[in-house]
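Scroll down for the structure; my scribbles are underneath it.
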Amino acid sequence: MLFKLFFKRSFSVGVSNYQRTRIMSSSNLQPKFDKIFNKIDELKPSFIDRLAKAIEIPAVSGDESLRPMVVKKSEYLVQELESLGFTDIQVKKLGTQPPPVENPNLQLPPVILSRYGNDPAKKTVLVYGHYDVQPAALSDGWASEPFKLVVDEEKQLMRGRGSTDDTGPLLGWLNVVQAHKEAGIDFPVNLITCFEGMEESGSLGLEKLIAEEASNYFKTTDAVCISDNYWLGTKKPVLTYGLRGCNYYQIIIQGPAADLHSGVFGGVIAEPMVDLIKVMGTLVDSNGKILIEGVDEMVAPLTEKESQLYEKIDFSVDDLNAASGSNTSLYQKKEDILMHRWRYPSLSLHGVEGAFYGPGAKTVIPAKVSGKFSIRTVPDIDSEKLTKLVVDHCNNAFKALNSPNKCYAELIHDGNYWVSNPYNASFTAAAKATKDVYGVDPDFTREGGSIPITLTFEEELKTSVLLLPMGRGDDGAHSINEKLDISNFMGGMKTMAAYLHYYAESPEN
Ligand SMILES: [Zn+2]
């Protein structure tokens with residue numbers, strides 16, 4: 001053991017990846033972090049208690065009547081930050097919430113900025129988290145009151161709204177500070193917190209605040225770390241380096257001046273719904289292939305290096321079937337599923353506004369219908385170019401129908417994709433930390449969905465962003481019985497701590 005220790009210390013800098021892997025795998029013990037890891041274990045009851053107090057406040061940002069509770073939770077966080085010795089705590093008001101709102105004077109919940117340490121010799125890591133939660137009620141089918149943290153000793157998990165999304169991970173950063181203080185270990189970096197209370201409702205006001213603070217409060221930031229997503233599955237830790245974007249469109253087909261009866265007008269007028277179905281049918285085929293010309297050509301080619309990342313990932317078609325509750329997968333091979341979820345675009349048809357959709361057999365001819373669809377975007381798709389291709393495609397498809405109706409296709413909203421370099425200093429530090437805590441190399445994953453604020457941080461602060469998830473894929477973040485396994489809570493905090501140390505030591509930013 002001593003021999004191994006010597007090697008680890010002497011070769012901690014400047015060894016090749018191969019050597020490093022060999023040294024790391026030669027021992028499961030990480031004496032370097034013994035003290036801090038032990039302290040985190042020792043403080044477990046007080047960490048669970050801190051989480052329980054936070055979970056008790058029903059900070060549902062999407063429910064106007066609960067806005068005072070969101071504010072109350074922000075006050076609880078400020079009190080905790082103060083007691084832990086965070087400084088320069090700023091409660092940033094974001095003004096009134098824009099419509100649609102019932103109360104026109106509804107104030108947005110504040111963003112909480114704070115610092116721990118301000119040593120110019122150290123690197124600065126900005127950590128983002130959100131303290132608001134999704135709605136939840138016992139009557140939705142929860143096994144226990146959602147706003148009371150239940151510790152299930154048998155299953156070794158904690159159940160409660162916000163446990164994994166995102167109160168547990170957010171408090172993880174505070175707990176890591178407390179553990180360093182109580183263990184008497186110098187905190188390796190300057191920490192900046194950016195905690196918002198509106199994430200589940202579109203992060204209103206946050207983008208503007210980040211832009212404003214980029215050259216002020218956030219000026220010294222070297223790296224951003226967001227702990228607000230999940231492992232792909234339930235067993236293997238992951239680091240996330242990419243998210244798809246989303247361009248949302250509608251095709252409006254306008255025909256007669258009012259809805260008509262098919263017994264009177266059927267067969268003698270051009271029906272908007274028929275045109276719409278035909279146009280929408282030209283967008284994508286049943287195998288998921290996008291039929292709009294020029295889209296595939298914009299997708300960045302797969303490199304050898306990227307391809308290798310997929311081979312190692314712990315995932316199978318069974319995981320997909322379990323998640324979808326069916327056997328409807330378009331692909332059987334793991335690599336195909338993951339690539340089509342993460343690195344290729346997809347087009348989904350969502351619905352038709354203005355069409356008859358209820359049960360029964362209504363004989364209406366809708367006068368005006370809007371077909372909604374979206375495209376999940378990936379590198380190197382340019383949003384403007386894509387919109388032009390989509391609009392041209394819809395117009396041409398409609399023209400081919402020779403219909404006297406009117407057709408109009410438009411973009412409703414777009415959010416760009418994000419892809420980081422999984423080999424940069426921040427990811428490398430997080431990978432080492434993960435290995436120290438869980439004993440395995442993390443899978444490098446991307447996600448099919450979007451976290452728009454990730455890109456905002458990267459662009460405004462001109463720093464790298466790391467997504468470091470704490471919970472598992474089956475935590476039920478927006479569902480009933482949201483939970484966080486205790487091992488993920490503890491392991492997650494240890495990973496956060498070790499990440500900060502490794503990142504502080506790394507020669508680059
Ligand atoms: Zn979240």
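Keep in mind that glycine also has a Cβ here, set from the backbone N, Cα and C atoms.
Here TrEMBL flags H130, D165, D228 as Mn(2+) 2 binding site. The annotation active site is assigned in TrEMBL to D132. Residues or ranges marked as Mn(2+) 1 binding site by TrEMBL: D165, E200, H478. Marked as active site, proton acceptor by TrEMBL: E199. According to TrEMBL, the feature site 'Important for catalytic activity' maps to H261.
Annotated features taken from TrEMBL, shown on the structure.
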{"residue": "H130", "record": "Mn(2+) 2 binding site", "Cβ contacts under 8 Å, 6 or more apart": "D166, L170, F195, E196, G197, M198, E199, E200, D228"}
{"residue": "D132", "record": "active site", "Cβ contacts under 8 Å, 6 or more apart": "A59, V60, S61, V70, K73, P109, E196, G197, M198, E199, E200, S201"}
{"residue": "D165", "record": "Mn(2+) 2 binding site", "Cβ contacts under 8 Å, 6 or more apart": "V133, Q134, D228, G471, D475, A477, H478, E482"}
{"residue": "H261", "record": "site 'Important for catalytic activity'", "Cβ contacts under 8 Å, 6 or more apart": "T363, V364, I365"}
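Taking D132, D165, D228, H478 as the candidate recorded positions, the subset whose CB lies under 6 angstroms from any atom of ligand 1 consists of D165, D228.
The Cβ of D228 (Mn(2+) 2 binding site) has 23 other Cβ atoms within 10 Å, all protein chains considered.
Of all the recorded positions given, namely E199, E200, H478, the one with the smallest number of surrounding CB atoms inside 10 A is H478. E200 (Mn(2+) 1 binding site) falls within a helix when secondary structure is assigned with DSSP. Report note: the Mn(2+) 2 site is defined by H130, D165, D228, and the residues of the same chain whose CB lies within 8 Å of the CB centroid of those residues, excluding them, are G129, D166, T167, P169, L170, E199, E200, A477.
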